[in-house]
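Trainee: Here it is, the structure, as structure tokens.
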Amino acid sequence: MRLKFSKMHGLGNDFVMLDGISQRLKLSPEKIRQLADRHTGVGCDQVLVVESPRTPDADFRYRIYNADGGEVENCGNGARCFARFVRERRLTGKKQLLVETAAGMLQLNLLDDDRVSVDMGAPVLEPQQIPFAADIRAETYPLEVDGEVFTISAVSMGNPHAVLLVDDVDAAPVEELGPKVEHHQRFPQRVNVGFLQIESRARARLRVFERGVGETRACGTGACAAMVVARLRDLVDDSLEIQLPGGILTIHWSGPGQPVTMTGPATTVYHGQIVL
Ligand SMILES: N[C@@H](CCC[C@H](N)C(=O)O)C(=O)O
């Protein structure tokens with residue numbers, strides 16, 4: 001199978017973008033892993049696929065695969081790249097798009113300064129819906145890992161996130177604790193793990209160990225989840241600049257029941273073809 005693709009990134013969270021409307025794709029988990037391999041494939045954190053929508057209101061359907069081959073529900077940085085990709089590939093001339101994902105509808109807006117703003121929907125905090133094993137919903141939960149108890153918060157932004165507050169994100173045990181929380185038995189669908197340092201009511205720093213990938217340079221849904229956790233604990237105001245290793249995302253959330261808005265860049269690196 002010969003595939004045309006674009007290599008893109010959102011703050012260094014990188015993607016292989018595939019147009020599944022004008023080319024026929026037969027993707028298995030193994031083929032996704034081949035594409036994502038940084039030594040023998042194109043290399044990326046996620047493979048993103050554009051498809052025709054299933055519901056009449058939507059402009060497109062957007063599917064997301066982690067580098068480990070698993071299909072997942074949502075990807076914030078990918079959504080911004082998606083908006084740019086469908087314009088560059090002339091699949092649409094629109095600057096405002098309604099896109100179907102496995103997690104529901106996303107609204108994407110291409111801004112005049114080339115950034116993309118995404119309405120990521122309202123966060124879900126009910127443990128069963130995240131999913132996370134807990135008897136009742138709480139702001140924080142104790143989580144035991146190798147005999148040590150950590151304090152986490154749990155949020156779904158369509159995909160599951162655990163967030164830990166840390167004093168110094170540079171010294172956070174992302175590589176050691178990240179995989180243990182990702183595979184913790186209380187998260188039956190595994191989880192993305194964010195390490196969040198609050199700098200002020202308007203600025204924070206974040207590193208994310210992503211489910212199915214490892215630490216990435218940025219995670220859009222992770223930044224939204226971090227905002228929700230920080231805002232619910234009244235540590236930040238409605239607008240937050242989150243510094244990730246790859247750059248800054250601006251996140252806005254005015255509180256429970258409201259959608260989270262994420263704004264940031266989307267960059268095309270090159271277009272290519274690969275035989276799989
Ligand atoms: N990088 C993404 C999140 C991608 C999916 C995630 N690894 C998961 O398994 O849920 C983002 O920018 O949100």
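First residue shown is number 1, and so on along the chain.
Cβ coordinates are placed from backbone N, Cα and C, and glycine is handled just like the others.
All TrEMBL annotations are machine predictions without curation.
TrEMBL lists these features:
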ACT_SITE  C75  active site
ACT_SITE  C75  active site, proton donor
ACT_SITE  C219  active site, proton acceptor
BINDING   N13, Q46, N66, G76, N77, N159, N192, E210, R211, G220, T221  substrate binding site
SITE      Y270  site 'Important for dimerization'
Trainee: Any idea what DSSP makes of T221 (substrate binding site), helix, strand or coil?
Mentor: helix
Trainee: Can you tell which of the binding-site residues N13, N66, R211, T221 lies nearest to the residue listed as 'active site' in space, using Cα positions?
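Mentor: Nearest by Cα distance to the residue listed as 'active site': T221.
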Trainee: Any of the recorded positions N66, T221, Y270 with a C-beta atom under 6 A from ligand 1? Give them in order, or none.
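Mentor: Near the molecule: N66, T221.
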Trainee: Where among the active-site residues C75, C219 do you find the Cβ with the fewest other Cβ atoms within 10 Å?
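Mentor: Taking C75, C219 as the active-site residues, the minimal 10 Å Cβ count falls on C75.
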Trainee: May I ask you to report the DSSP-based helix, strand or coil state of N77 (substrate binding site)?
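Mentor: Helix, per DSSP.
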Trainee: Three states by DSSP: which one describes Y270 (site 'Important for dimerization')?
Mentor: strand
